[in-house]
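Peer 1: So TrEMBL lists these for the protein:
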TRANSMEM  40-59  transmembrane segment
DOMAIN    96-263  domain 'Glycosyltransferase RgtA/B/C/D-like'
TRANSMEM  123-142  transmembrane segment
TRANSMEM  148-164  transmembrane segment
TRANSMEM  171-191  transmembrane segment
TRANSMEM  206-235  transmembrane segment
TRANSMEM  272-289  transmembrane segment
TRANSMEM  310-331  transmembrane segment
TRANSMEM  351-369  transmembrane segment
TRANSMEM  412-430  transmembrane segment
TRANSMEM  472-491  transmembrane segment
TRANSMEM  498-519  transmembrane segment
Amino acid sequence: MRAIAEDTSTVPDSKTTYLRTSGHSEDFSSGSATAGLGRLLSFLALIGVWLPLEFYGIFSPGLLDDVDSVYIESAREMLVRHDFVTPYVDGIRFFDKPPLMYWLASASMRIFGIHDWAARLPLALLTLALFFAVYLLGSRLFGERGGFYSAVVTASSIGPYLFTRFFIPDVLLALWMTMAVHLFLKALSLLNEPPIDYNRLRITCWAFAAVMSLNVLTKGLIGLVFPIGVVFAYLTVTHQLNLVRRLHPYSSAIVFTFIAAPWHVLVALRNPAVSGAVVARGWFWFYIINEHFMRFFGKRIPHDYGQVPLLLFLVLAALWLAPWASFLPTAASWSFQALRGNSSVPVEDRYTALLLLLWAGIVLVFFCLSSRQEYYSLPALPALALLVGGLLTRAEEGDSVAERQVLAASRWFLLPLSLLVAAVTGYFAVTAPTPTTGVDIASLLLSNPASYNLALGHIFDLTGRAMGLFRAALIFVCFAMLLGGPLSHLFRTRRRHLFANISLTIASLAVLLCVHEGLTRFYPILGSKSLALAINGVYQPGDRILIDGEYTLGSTLNFYTQQPVALVDGRMNGTWYGSYWPDAPNLFETNDSLHKLWASKSPRLFLLTYNPARGADLSRYGPVYRLAAAGGKTVLTNRP
């Protein structure tokens, strides 16, 4: 970065206040029939990738226990309570996240009915919007083909797919970041188009502010920190901070406040401090102080989340682009060389490299300093995908250096890793024992509760014995990688870059569809939909549903039964703070009170438990019947 800042030939003077892109934006924005057809075909291809991966995935498997069903249940309760200001879960105030995701899911359920697929639909549609946003930004930076490759990398990588399998807002952060960076580029371009169209410039700056406000309403203050950080870092490195005053900061601040502030003000007014209670500090303390600043330093109360080691977090940030991660080291290396002032690199590409590295770097450095989960790197992935898309485009356009680099990456990374994955999956497909018919997957797994605070913690439960349940998926993954990786490399050696990229995309799609099949097989461990449906089959008004432990152990029951769920010794974590509000429902039982309820034989009780000894314990107080069991969980009832 020092080179690009010190090289006076690449730094705009006081009269050249614009970001130099690669010059492809004119071709992209032309009205020619050819350009229009290219865009249409690209959009259709991206929809073709999205349909089997994202849209098909909203229908199965069921909601997952923990954050997936917790956030969607909050959206359902917004709809039922007609309260779109204060989020509730199980009738208890729930302040973990801002409301945009809840609003979207609630609106969808209002239109289509209260179904899991309806709640998931907005996330799937916004994921498609992310693909389109990456395409449009990539087209501005690298031309239409570069935009297409960047979007395909985003759409067919393992990370964006995995972390849209449950209802979390981080993919939306990636969307808003992509849109914000694009609007920033457009604003700088408008400053360099004499005569300056001040109306368009103003609208563009206001749109940037609006996107930031949506970002804040999606996941809090980082929605402001990340885009502003990228803008100021870029303008500082390129000695263009004087541009800030020309980007309508004051009117943009008004737009931002107009959109982002009302909910914050209303929720603070409706949930003030309650004197003499645990919640004496109200919504403001929990959401602003506890959820933002204390979480950053790893001191949030309650500490109900895991911490990914720093090195693993950085490695995963790259691996989430698999299989395209094979080209990421080469793309990143080229970008750093460009910043060092390599004379063979066009000035415009040096500015592009700077912007994308700052974007990814600011997100990753922020989470290197704070508490972190595996998926926190998602807002950086579009920048990394654009780096890879740019590299693939340069190779296809005949850049000899890029061709050599891409071929080397294919030979030394993609090909060996593809064969390794094929060998491992093929080994388990052949050697795994065939499970008995009707076996509960939980009996074939290990139990590692210490890992369950991580998003992918259950992966440590897998054993060789369990692999027989995934045999078909393992076989398909084996063949997909055995064919896709070598075929892509073969096309690359023959300089057929388009076919190389297409073959790798198809292989990746096949693998991700197998991942979906694997998640469906694994679902009894992750969710409790079948148990909720079993309860629905016999539930009568006045019956009570209980979870033996904290809420997230069976939170899907709340959504699928649409009934309140009581917790046995479960006043902790997500429901802890809101449960102390004076008007919170009394949903908390103890072990002793459960025994008394069971002995009373009225009302009818449905208890979801992981504890295999719970049936024997309750049998001392009354009859115990097993209604249903799956995934190591059992629903016990006190009546036949």
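These residue numbers are counts, starting from 1, taken along the chain as shown.
Any Cβ shown, glycine's included, is placed from N, Cα and C.
Tell me about the setting of these features in this model.
Peer 2: Sequence-remote contacts of a segment are chain residues at least 6 beyond its ends whose Cβ falls under 8 Å from one of its Cβ atoms, and for the transmembrane segment (206-235) they are 19, 97-101, 169-170, 172-173, 176-177, 179-181, 183-184, 187, 241, 243-244, 248, 251-253, 255-256, 258-260, 263, 287, 291-292, 354-355, 358-359, 362-363, 366, 379.
Listed as Cβ neighbours of the transmembrane segment (412-430) (distance under 8 Å, sequence separation of 6 or more from its ends, same chain) are residues 323, 326-327, 329, 464, 467, 470-471, 474-475, 477-479, 481-482, 484-486, 488-489, 504, 507.
Counting same-chain residues at least six beyond the ends of the transmembrane segment (498-519), those with a Cβ under 8 angstroms from any Cβ of the stretch are 49, 52-53, 56-57, 60-61, 149, 152, 156-158, 161-162, 165, 323-324, 392, 396, 410, 414, 418, 470, 472-474, 476-477, 480-481, 483-485, 487-489, 491-492, 526.
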Peer 1: Could you pull out which residues elsewhere in the chain have a CB under 8 Å from any CB of the transmembrane segment (310-331), counting only those six or more residues past its ends?
Peer 2: 153, 156-160, 162, 364, 367-368, 372, 374, 376-378, 380-381, 384-385, 387-388, 390-392, 405-406, 408-410, 413-414, 417-418, 484-485, 504, 507-508, 511
Peer 1: Mean pLDDT across the domain 'Glycosyltransferase RgtA/B/C/D-like' (96-263), rounded to an integer, is what?
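Peer 2: Result for the domain 'Glycosyltransferase RgtA/B/C/D-like' (96-263): average pLDDT 97.
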Peer 1: Taking residues 6+ outside the transmembrane segment (351-369), which of them lie with a CB under 8 Å of any CB in it?
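Peer 2: For the transmembrane segment (351-369), the sequence-distant neighbours (Cβ-Cβ under 8 Å, at least 6 residues beyond its ends) are 1, 4, 10, 19-22, 141-142, 177, 181, 185, 222, 225-226, 229-230, 233-234, 237-238, 296, 310, 313-314, 317, 332, 334-336, 338-339, 345, 376-377, 379-380, 382-384, 386-387, 390.
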